[in-house]
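> What follows is a single structure, and I will ask about it in a moment.
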Amino acid sequence: MKLISFLRTTRIPPTLLEKIGLPQCRFIQTYVPRDPKDKPKRYRYPASYDPYGPRPPPSDKIIQLAERMAALPPEELAQIGPTLRDKLQHPKMQRIESEGTDLGSPGGASSGSAKVEEKKAEKTAFDVKLEKFDAASKIKVIKEVRAFTSLGLKEAKELVEKAPVIMKQGVTKEEADSIIEKLKAIGGVAVME
């Protein structure tokens, strides 16, 4: 009550005080310092954290299914995953390429050298080379080159005027095909190397 009467004497309109309540200031809040002799609180954490909360135990049907699956021979166990994927219509998982990283060869040195030769035969990165372009469509070609190389106007113009020149290096086959198609549509001739 003393605080309210004090605030009313400090010319805060009573309607404002009723609307916003008491002012939130540091000097109004009560601060009790922690006793330095107190030990820090120790909280009990669960052994394993499950963000979805406790789950009900599996039904008898699921337990019987798991036991039947565990009893299958390895050849049939290998067929479970693809069969379930087809039955549930899940997309096939794509293999992640680790080109350029040396992960070591799991089969020894002889299998590692065979894999290196196979990798060299299969090319995954391509270069796009601008061979020539129509003089009438030079501006369109420059704009397209700017779009997929993120060069400035001057740099793109110099690059186009140097034709035949490699415009983009180390792109996937799909990206290179799309660049070639775009250039072909506006009057340029590009090839993939």
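Glycine residues also receive a Cβ, built from the backbone N, Cα and C atoms like all the rest.
Any TrEMBL annotation is an automated prediction that lacks curation.
What TrEMBL lists as domain 'Large ribosomal subunit protein bL12 C-terminal' is 126-189. Annotation comment: TrEMBL describes 31-60, 90-117 as region 'Disordered'.
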> Should anything in the same chain at least six residues away from the region 'Disordered' (31-60) have a Cβ under 8 Å from its Cβ atoms, list it; otherwise answer none.
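Non-local partners: 66.
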> Residue counts in helix (H, G, I), strand (E, B) and coil for the domain 'Large ribosomal subunit protein bL12 C-terminal' (126-189), per DSSP?
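Per-class counts: 38 helix, 17 strand, 9 coil.
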